[in-house]
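The structure appears below as structure tokens.
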Amino acid sequence: MGNLEANDVGNNSRKYNHPFEPYDIQIQLMDAIYDAIDNYKIGLFESPTGTGKTLSLICSSMTWLREYKKNSTFRETEDSESEDEPEWVKQAYQKTIANRTKVRAQEYERLLDDLSENYDVSKVSVLPEKKVKRQKPEQEQDENFIPADYYSDSELDSKYENDKLTSEINELLSRVDGPKETVEPVNDCPVKIFFSSRTHSQLSQFSHQLNMTEFESSLDNIPERIKFSPLASRKQLCIHPKISKLSNVSSINDACIDLQQSSKNSCEYIPKLHNTQSEEIVKKFSDLSFTKIHDIEDLGKLGNKLKICPYYSVRKGIDVTEIIALPYQMLLQDSTRSALNLNIDDSIIIIDEAHNLLDVISSIYSVSITSNELSDITKSLKFYLNKFIKRLNSGNRINIMKLIKLCQVLEKFISSNSKDGKIKHGDEIITSDIFEGTTGDLVNIHKIEQFLNKSKIAYKIESYMQKLNDSESIKNRSNPLLFKITKFLKCLTNPSKEGKFFWDKTNDSVSINYMLLDPSEIFRDIVKRARCVLLCGGTMEPMNDYTNYLFPYIPPEQIKKFSCGHIIPQENLEVFPIGNYNDISFEFSFDKRNNSKMIIELGHAILNIIESTPDGIVIFFPSYKYLNVVMNVWRQNKIIESLTKVKAIFQEPEDSSKVEKVLNDYSSTNKSEKHSALLLSVVGGKMSEGINFSDELARGVIMIGLPFPNIFSAELIAKRKFIEESTIAKGGTKSQAMVNAKNFYENICMRAVNQSIGRSIRHKNDYSIIYLFDQRYGSDKIQDKLSGWVKQKLFTRGRCTDFNQVIKETQDFFRQKLLG
């Protein structure tokens with residue numbers, strides 16, 4: 001362990017042990033985070049990408065945690081049983097308990113020291129591979145696709161009486177407890193840090209950032225390692241050679257559980273109950289994982305070396321862990337947290353990239369299904385039933401037939417309403433109407449949903465149909481839909497009062513949608529149980545949506561908001577709202593944006609800008625459709641020809657498989673000495689999130705219009721109605737209800753703007769100019785919803801900038817950069 005001479009001291013002289021000399025804005029951010037944790041607050045933090053947000057989160061939260069452990073964990077931890085004992089006896093007893101806990105923690109650190117010095121993870125000894133008896137092909141073809149016998153409630157034996165949704169997981173968790181070792185890990189601190197982000201790559205980046213840090217020990221006279229456990233789905237951590245190759249997470253989950261329940265083909269990697277050798281390997285896995293910071297890939301390699309399942313073995317160390325990194329879905333779903341045995345009580349919850357949190361929560365608890373999808377599911381179920389009807393027990397046969405009946409009822413409901421023209425886009429569906437005039441209401445949907453979850457029939461049928469697809473080239477589009485019907489029935493069984501069923505019409509397709517409209521109730525359980533919840537992101541503005549729709553029950557004084565500036569010098573950024581050119585006003589609203597004269601003058605204005613701007617420029621359009629409209633007008637008027645004479649033009653493809661090549665070509669063009677390029681992108685497309693346009697890749701960023709979502713989409717119609725009804729239910733007027741709905745709609749748009757233009761400045765020496773093309777960017781209301789670091793650099797407040805002034809300032813800006 002290195003020397004902890006930190007050069008980072010906050011305004012209150014608190015050490016944060018930052019690995020580098022922090023900037024003032026980083027210290028301010030760390031102070032704000034520390035304060036939110038210390039005072040049990042909700043935190044909303046905006047820190048632009050490139051300002052060291054992740055390290056600031058790590059350093060402030062870990063500093064607080066180590067101080068808390070030192071001051072609280074190793075004090076009086078138990079009360080004396082007898083109230084009659086003298087006070088000095090009680091204190092002596094409590095001190096003994098605290099010292100004993102501290103000694104155990106110190107012993108474990110020494111064990112990790114020894115492991116670190118004597119074990120190379122790449123050379124860890126492994127068990128000899130077991131010889132697995134291979135079934136004959138015809139046996140595999142039949143037996144592997146048949147579920148275990150299924151029994152109704154009245155026939156349940158002891159096996160099914162205890163078979164709750166998470167029973168398989170809970171059983172496995174008990175397997176990794178193992179016998180007591182000489183040196184067991186210990187952590188009596190009730191507080192943990194849960195760091196959650198959207199993608200696997202973002203969580204890996206967090207692991208790498210965490211690896212750069214070390215913190216003052218909460219123990220006496222001995223360094224203390226950071227105890228870190230990254231969690232992931234089976235798709236990332238399964239090491240079974242066959243199951244790990246399945247295409248989707250649902251298939252992998254069901255295949256794993258199915259293999260564990262099999263009496264013939266159990267998984268050789270699963271920790272074995274009451275097996276000393278297996279328990280020792282699980283403990284070795286856990287201990288080795290704590291010798292240093294490991295990411296998901298490291299744990300996968302370690303599991304392979306030890307021939308033990310990393311998905312389950314990583315749980316061995318959860319109790320001693322200080323920081324847990326996990327994807328959104330694992331944190332946000334109560335059923336998943338229960339299955340993983342994750343206790344978030346009194347913990348610090350950090351959600352990164354939280355600008356899309358409202359959408360993520362809604363999408364997790366939302367589902368849609370079409371008539372064609374139901375037809376495909378029904379065909380697969382019938383095909384499977386005909387094949388295996390003689391080999392299925394009565395419970396399986398009856399439930400599959402009930403499921404077929406249910407799918408047919410749903411399909412007929414959609415078809416009959418479509419033909420009669422009764423459907424209005426976004427209209428609510430009353431669930432009782434679905435079964436009106438049918439015998440479908442006699443089917444117990446709750447029991448069907450139970451059957452789908454317990455029997456893993458979706459995986460069985462998918463596996464069988466996939467085998468047919470591989471061997472007989474039978475096209476089968478419905479495989480993933482079997483998991484979709486499971487989710488749909490769950491919503492149908494337990495429709496939340498915070499959500500609604502409604503109609504959606506897209507082209508010729510009609511679907512029944514269920515959408516969670518109020519995410520605050522789902523999120524309330526996390527807020528209630530955690531010590532504090534911190535939402536962080538590079539573009540969190542406008543923040544009002546979080547207070548209004550995620551924390552409406554939290555008093556304003558309990559919510560700490562902080563939006564920090566950028567680390568770049570003030571002179572490295574300019575922002576120009578542009579409202580017109582050649583006496584043609586720019587307003588790219590839905591009813592005005594196809595005006596050919598405006599599109600032509602837009603091209604001329606952009607030509608002026610690119611002639612004054614070195615290197616690359618990224619232009620963001622509101623949609624692929626509008627980008628194509630503009631390109632057609634520009635081609636017809638030879639504007640493309642004029643633009644190409646100045647810079648090479650690259651266009652974002654709608655096909656995601658082609659994005660990487662376009663980006664590579666754009667990048668190499670800008671990095672050459674003789675050429676530069678223009679990249680035409682789409683807000684919400686592949687290039688507006690997660691891709692960094694630093695340095696010569698984006699000396700200019702141009703935003704065309706305000707990218708409002710489709711107000712006529714079924715989702716937005718349902719959401720607008722919900723906001724208006726909720727406002728009126730709380731005593732608001734109809735006028736206030738309409739304003740609230742409009743603000744929500746506007747905020748979706750402005751978050752997308754902030755996310756896109758935030759791609760340009762990526763580090764302290766970077767510089768760029770942002771051009772906002774639309775006269776609406778001149779209004780105070782829109783300008784106030786820009787990210788703080790963008791808003792403070794607006795060249796004109798409350799109005800647009802004269803275009804001649806824009807060109808003059810652009811030329812001066814880059815002239816200074818070339819001279820400097």
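Any Cβ shown, glycine's included, is placed from N, Cα and C.
Per Swiss-Prot, the stretch carrying the note motif 'DEAH box' among 208-211, 220-223, 352-355, 692-695 is 352-355. Long-range Cβ contacts of Thr49 (ATP binding site) within its own chain (separation 6+, distance under 8 Å): Gly538, Asn692, Gly758, Ile761, Arg762. Ranking the binding-site residues Ser47, Thr51, Thr54 by the distance of their Cα atoms from the Cα of Cys256 ([4Fe-4S] cluster binding site) places Thr54 first. Note on Cys267 ([4Fe-4S] cluster binding site): other Cβ atoms within 10 Å of its Cβ, all shown chains, come to 18. In the predicted model, residues of the motif 'DEAH box' (352-355) average a pLDDT of 93. Counting other Cβ atoms within 10 Å of each Cβ, the binding-site residues Pro48, Gly50, Gly52 show the lowest value at Gly50. Cβ neighbours of Cys309 ([4Fe-4S] cluster binding site) (same chain, under 8 Å, six or more residues apart in sequence): Leu237, Cys238, Ile239, Cys267, Tyr269, Ile270, Pro271, Gly303.
What surrounds the ATP site, by Cβ distance within 8 Å of the Cβ centroid and not counting Ser47, Pro48, Thr49, Gly50, Thr51, Gly52, Lys53, Thr54, is the set Ser56, Gly538, Ile567 from the same chain.
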